[in-house]
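Trainee: Before I ask anything, let me first share the structure, which is written out below as structure tokens.
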Amino acid sequence: MYAYIKGTLTELNPTHVVVEASGVGYEIQTPNSYRFQKYMDHEVVVHTSLIVREDAQLLYGFINQEEKDMFLSLIKVTGIGPKSALAILASSSPNDVKIAIENENDAYLTKFPGIGKKTARQIVLDLKGKVQINDVDSSQILNTDTQDHANAPIIKEALLALEALGYSKRELTKVEKSLSKETFDSVDDAVKRGLQLLIA
């Protein structure tokens, strides 16, 4: 119904963003809302997908079309709902997920919250050969670049975002120690690093 929404980014929360367009504020669930941080109070285009349930109409949003397409592919897999698909895309780029699928790397897929061996195998069975990998070496899963020292407010926001993705306080306590030894320019960077540590 909504291919994308173009408007002003007015709110940034661990699980969603709010975009105001034509006087209406759209609450949009995102894999990692802090990817939109640089657009705060500025115009942004969010690629969206509306999912209607018996009890709710939920709008999901993505930083680009590739991320949206990967989300739509994932939720077609038996056992994968929107929440699990968002958790996967919060923890990894669409291309890394595609590479894991094509390489039948079940171990990589089971590192995401809520994805067990059976579901990981189902993802591979359903999507292998149906996803387009970008021009990279498909024998490797790419890692996100990280930085070096700590910033408490950023780390605090990042931990809230990770908790919203379904990670336990016990897991986050371990990650917090590692994050505190590094520094980050943005919450997005800290979230990405935290996700790397959690799925390592």
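Cβ atoms here come from the backbone N, Cα and C positions, even for glycine.
Per Swiss-Prot, the feature region 'Domain I' maps to 1-63. The region 'Domain II' annotation in Swiss-Prot covers 64-142. Annotated region 'Flexible linker' per Swiss-Prot: 143-149, in sequence order. The annotation region 'Domain III' is assigned in Swiss-Prot to 150-200.
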Trainee: Per DSSP, what is the residue count of the region 'Domain II' (64-142) in each of helix, strand and coil?
Mentor: 44 helix, 0 strand, 35 coil
Trainee: Work out, from DSSP, the number of helix, strand and coil residues along the region 'Domain III' (150-200).
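Mentor: In the region 'Domain III' (150-200), the DSSP-based counts are 37 helix, 0 strand, 14 coil.
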Trainee: Reported in the order helix, strand, coil, what are the DSSP residue counts of the region 'Domain I' (1-63)?
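Mentor: Tallied per class, the region 'Domain I' (1-63) gives 7 helix, 38 strand, 18 coil.
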Trainee: Roughly where does the region 'Domain III' (150-200) sit in mean pLDDT, to the nearest integer?
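Mentor: The average pLDDT of the model in the region 'Domain III' (150-200) works out to 84.
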